[in-house]
Structures are given as structure tokens and as C-alpha cells.
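TrEMBL annotations:
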- HIS320: active site, proton acceptor (ACT_SITE)
- TYR57, TYR163, ARG198, HIS320, ARG323: glyoxylate binding site (BINDING)
- PRO110, ILE111, GLY112, SER139, GLN161, THR189, LYS296, SER318, ASP358, SER359, GLY360, ILE361, ARG362: FMN binding site (BINDING)
- 31-379: domain 'FMN hydroxy acid dehydrogenase' (DOMAIN)
Amino acid sequence: MSYLPTDPLTAPGKWSSYMLGVYISRKGPQPLGTVVPDEIEERAKEKLKEYPGAFMYAGGNAGTHQTYRANRRAFEKYGIIPRMLVDSTFRDIRVNLFGKTYSAPLVMAPIGVQSLFHPDGEIASAKAAQALGIPYIMSSASSRTTEEVAAANGDGERWYQLYWPGTKEVTESVLTRAKAAGFTAVVVTLDTMTLGWRPHDIETSYLPFGHGLGIQIGASDPVFMGRFGKKPITQTKPQWPYQPDVLNKKVAEGDEEAKEGVLLGTEWLKECNTSFKTWDDLKHLREFWDGPLILKGIQRVADAERALEYGANGIVVSNHGGRQLDGAIPSLYALEQICKSQRIKEAQRSGRLTVFFDSGIRTGPDMFKALALGAQAILRKWLYYAPRVPRDSLLFSDLILPQIQRSHSPSHRLVPPGRVAFGS
């Protein structure tokens, strides 16, 4: 007799029942009115039309968007071949990550400055992840403090994404706070030691950090704030909506709060986005952090194998969704090459290394393809749902997890690029 889980997050039909529920309701998918990713993106853009900088801050890409387009095209080079008359009544999409079991191979990706899109910002998304039973990754560029996000996430699983500070003192301080607040893993972003070349942001001089928004981790940190003889700001007041022109005027008029925001924002950017790190620098993080250490931004086989040598517990195969380097290889191609490495395969089998993936994922079948190529879980960008449904960011799971559960079957296999199979 097979075992079927009965807890509410993993019971049979938990995700796949969504589509049937929509049909029964006779109302279509609520509240967005669509399940088409491109339409959801357009509706988010419409919702933020009075603040176009906010939408482009999240939706813009590096350079001519070559990397972004390449990420999407890569998924079209693979096809799924289903087999019939195989019992797939219960399609188990649970996953074990670092010794814990989660309801789906999905992780809520880190996104910075969420109060650009709604005043609830990180509070709503942290609550949503807890309700879904999936890990929540908090961005170092959060517009809320570490402790505020932890409180919102409750008993959920939360990981801390680190934009690596230049000094050991600040690095240790923010990680000590993360540990005290119940964050169990650190995700170190390697591909953003400096800001990417994003034409829209450059053309509009759109940089919220410069006004003190998205630097709340630094502004609430005693070591960082101690440099300026200031006390940590532990309770945030998100600027909604973010209006750069208004803040620029306040600065020009001598408004003290606005001037302090500029000072702290400038100094925090210097701390986190002006110093490049090396593999030898990673030794300090590995020695200081005793939980899972995940390196985000890996694209080369040699780097993935080197991550093992330096004690990393996980890697995220990612090109930052095309937001950092124009003309880069698709992440899916990088994933395929990395997961062909015998050293990586053995590390995955033995539990020494967990391989995550992001960049280019739009649908459940996309997730299936990445998992079939060797990823163990997916970091998913979810932000376009937030402007429309700010208090229910978990809606994105209703649209992608039913698809992955329908795609996921032990009988399915993937056709690689250049091969077409007939009747097999």
C-alpha cells in the first residue's frame, strides 16, 4: 500500500485542484482574471502606471535584453515526452532541502525594495511563503528590517540573501542578526558586486537606495549605524509611493530626514556594491556561518565544482534573470552543463550539494524541464502578482504549482535540443 501524505500542504490534489475549482466557480481565475504570464505582467504594469519607474526597476534588464530573451528561448529547445497508462494519480512534488521536507520544489526568490510595489512590501510576501510551506529568501535590499520580516514569516522557513558587505564587521553583524531572527541559510549573491547596466534605470536616474529606500538592513544595523554616531532604526516607515522628485526637492530644501536617507543610502551602497570578492574571501563566510551556505550566480562548471571545494552546501544556477550581464549564456544551458559534471552528480547524490535554478522560469512545464536537467528546486520570481494582490502574494503558487504537478510524472522524459522523437 503506497503512502499518501495527509497534511494540508502536501495531500493529493492540493495544487492540481486549483483548475477544477476555477471551472466550478464559473468566475474565471480570481482576482487577476487570467493565468497567462504575459497578461499578468501587463496587468502589473497597468497597476503601476502612475509609478513606471517601479515597474521597470523590477522588470527591466541589462543592456539590449539579450540575456533575458536567451533565457526564455532556451526552454523552447526542450520538449516533454509523456507516456500513457502509467499510474500517476498522486504526483509527489515534495522536496527535501537541507534535511527538511517542503510542499513543492519551489523557493520564493529574493526581491529587493518590495515597498516600491505596495506598502506592505516584504511583510506580505513573507506571510505568503509561510502559508505555502516553502522557503522565503529575504533580500539584503529589503525595505523592512531583518527582524520585521522574521516576525511576519512566523514559523516559516526563511533564508537570508546576502549582498556581501565590504567589511567583515558589517558582514558578521548582519549575519548574526539573521541567525538570531531564525534565518537558517545564507544565499550569497555573487553576480552583483556592482550594479548592472540597466538602461531604463540609468535614463531616469532611478535608484531608490540613493534616497534611503531598500537599505533598511543597513539602517537597522548597530555596527553600520555606529559609524555615524547614530542608533539603529528598528521600525520602518516605507515610503509609499516612492517619488524621487519629491524627495530630491526635500533634500534641496534641507529636510533633515530626507538628507539622512541620502547619506545612509550612499554609504550602504558603498558598503555592499563597490568591493569585489574572491574565493579566498569565501573562507570567512564559511567559518562564520554554521548553517547551509548557498552561492547564487554560478554559470560555469568549474565554478560549481570549486564551490564544493570551498564548503558550499548549495548553488543557484542563475544569470540574475538577465538583469546583470547582457549577452550572457542562458541559465538553462549552464544548468545542463553543470549537472553533467560527475563531481556535481556525486555531490548531489551524497547530499553534499543542492542545485537550485532560476532565470527564465514562467510556467510549470518550465520548472519540470529545469528539474529534469538536474535542478532540485526552483527560485521563482513572483513579483508581478503583488501589485494586483498585495495581501495574497501566494496566488503565484496557484498558477504555477498546478502546472508542475500536472507535468510531473515518473513516466515523462525530456527531449534534448537537436533530437526529435517519433513513436517512442
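Indices start at 1 and increase along the chain as displayed.
Using N, Cα and C of the backbone, Cβ positions are placed for all residues, glycine too.
Reported as a whole number, the C-alpha separation between ARG362 (FMN binding site) and TYR57 (glyoxylate binding site) equals 19 Å.
Proximity note: of the listed binding-site residues (TYR57, PRO110, GLN161, TYR163, ARG198), none has a CA within 10 Å of the CA of the residue listed as 'active site, proton acceptor'. Listed binding-site residues near ASP358 (FMN binding site): none (candidates TYR57, TYR163, ARG198, ARG323; Cα-Cα distance within 10 Å). Taken together, the residues in the domain 'FMN hydroxy acid dehydrogenase' (31-379) have a mean pLDDT of 94 on the 0 to 100 scale. Within the same chain, residues at least 6 positions away in sequence whose Cβ sits under 8 Å from that of TYR57 (glyoxylate binding site) are VAL113, LEU116, ASP201, TYR206, PRO208. ARG323 (glyoxylate binding site) is 11 Å away from GLY360 (FMN binding site) when you measure Cα to Cα.
Put simply, ARG323 (glyoxylate binding site) is 17 Å from GLN161 (FMN binding site) when counted between their Cα atoms. Around PRO110 (FMN binding site), the same-chain residues six or more apart in sequence whose CB sits under 8 Å from its CB are ILE137, MET138, SER139, SER140, GLN161, VAL187, THR189, LEU379, listed in sequence order. Long-range Cβ neighbours of LYS296 (FMN binding site) (same chain, at least 6 residues apart, Cβ-Cβ under 8 Å): GLN161, VAL187, VAL188, THR189, LEU190, ASP191, ILE315, VAL316, SER318, PHE356.
Over all protein chains present, the Cβ of ARG362 (FMN binding site) has 19 other Cβ atoms lying within 10 Å.
Taking CA atoms as the reference points, ARG323 (glyoxylate binding site) and GLY112 (FMN binding site) are 13 Å apart. Sequence-distant neighbours of TYR163 (glyoxylate binding site): residues of the same chain at least 6 apart with a C-beta under 8 Å from its C-beta are SER139, SER140, ALA141, THR189, THR192, CYS272, ASN273.
Within 10 Å of the C-beta of HIS320 (active site, proton acceptor) there are 23 other C-beta atoms, taking all protein chains into account.
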